[in-house]
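Structure first, then comments.
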Amino acid sequence: MPPLLSLETSSRAPYERLPGAVSASEDDDSVVDVDEDADGIQRKRKRWWSYVPLCCLLVLLFGPQYSVLTVLVSYYLQIHDTPVLFSIHLFDVCLLIFLACCSLLVCVVRDPGAIRVGEEVHSNEPEDEDEDEETELMDALRMPVVTKTRDDDDFNAPHKWCKKCWAPKPERTHHCSACGRCVLKMDHHCPWLASKCLGQWTYTAFLHFLLCITLLSAYICILSSRVVYVAFVNPFLVNERTALHALFLSIYGAIFFLVVGPFLLWHMYLVSTNQTTIENLSPFLLLRYLPPTNPATSPDPTTTRSPSGTLPQTTTHTPSQRQTSHFPSQSRNRLNNPAPIHPREHQLSSTQRRHVRMAHGSIRLYDVGFVENWRQVVGIGKRGWKGYGDGKSFPRNPRAESMLARLAAELENEDKFD
């Protein structure tokens, strides 16, 4: 007679996907459809309109080259008869375009930073699929009880699991809703790059692309402005066709320089302070790194503050007798020793929010010095233009812990006065 109740343990890793499931942390990802081929294997296909901004970017990059060639040939070959200057300027323009295209290709083709399913958070090597991980029943019963804390529901908390793509979520990793996946050290989602994210392995190429575009636009603007100036001073020397092309290029280059140049300076500032765009624009991310407070004195995360800053009265839900009778020891442990919690944004008063915003400008968790910050991103020395690290763990600012503790104390004091 077969047993009425059989207990079976699975050898699958706790974060391993079922066979045939599509992992959002594998390969490319953004704006995708899921199709099945003849073998029944699901393949991801990107929508066609996600490539429209990339095509527009290529048109903006290669479109003015006819005008550049016209100005160079007419001014340096026909008017001044200086083939050396013509060759130098043509080589400089082509070199900058080539470097920009190489960086753009890296940003589009390379994965920004995937979390491989079945890979440990702090491990560089994936687990061996053939390794026997079967857990015996008695070993499973001897395992300690894992108490679920309130931060377990936070998908973006550091060193947590992402419950959307079911993969490990290391530090500074964020889940992109547009791509439907987690990205290591995610900076931002860029629709110009075929709707892809910029992360640990593509951010360096993105900086190089911005630098090349800024230099190219400035070079073309200065080169064409000189021809425009000569056309105004001596209109009989430069024909109208060349003058119009030069005027178009000077305006075109100035617009690109004024748009891309400040964007490059902004990202250079982020690299110098070791921040990402998400971290810089989201001050309340600091709440996840605050020292945990005593849950007995902390407000319940399911309650929200009224506009006056006071907490409304809430009812305490206790587990029923049926729920606690099956696991008395676990329930008693969870009630008597609640896990520490972190404050949430919706729990803060207006004064506390102002404290967090003011502290966000001075608390830089990963700022380890100007040289080391740039070394992590672009590399310095023999490993030029290749950052250091695995994208899963980062050195912390030694002063950040004390500053976070001071911020937590200020928030707690404000909570007492409210």
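Cβ from N, Cα, C; glycine included.
The feature transmembrane segment is assigned by TrEMBL to 51-76 (among others).
Among the features that TrEMBL reports, transmembrane segment is placed at 88-109 (among others). Long-range contacts of the transmembrane segment (88-109) within its own chain (CB-CB distance under 8 A, at least 6 residues past either end) are made by residues 54, 57, 61-62, 65, 68-69, 72, 76, 190, 193-194, 196, 198, 202, 205-206, 208-209, 212-213, 215-216, 219-220, 223.
Residues annotated as domain 'Palmitoyltransferase DHHC' in TrEMBL: 158-281.
Outside the transmembrane segment (205-232), and at least 6 residues removed from its termini, the chain residues within Cβ reach (under 8 Å) are 61, 64, 68, 71, 75, 89, 92-93, 96-97, 99-100, 103-104, 106-107, 110, 187, 190, 198, 238, 242-243, 245-250, 252-257, 260-261, 263-264, 267-268, 271, 377-378, 385. Among the features that TrEMBL reports, transmembrane segment is placed at 205-232 (among others).
Under the heading transmembrane segment, TrEMBL lists 244-266 (among others). Beyond the ends of the transmembrane segment (244-266), by six or more residues, the same chain brings 64, 67-68, 70-71, 75, 207, 210-211, 213-214, 216-225, 227-228, 231, 238 to within a C-beta distance below 8 angstroms of the stretch.
If you look up TrEMBL, you'll see 295-354 marked as region 'Disordered'.
Under the heading compositional bias 'Low complexity', TrEMBL lists 297-310.
The feature compositional bias 'Polar residues' is assigned by TrEMBL to 311-336.
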Report summary line: Near the transmembrane segment (51-76) in space but 6 or more residues beyond its ends, with Cβ under 8 Å, are 82-83, 85-86, 89-90, 93, 97, 100-101, 104, 108, 191-195, 213, 220, 223-224, 227, 230, 238-239, 241-242, 245-246, 248-249, 252
Query - Helix, strand and coil residues within the domain 'Palmitoyltransferase DHHC' (158-281) as assigned by DSSP - result: 72 helix, 18 strand, 34 coil
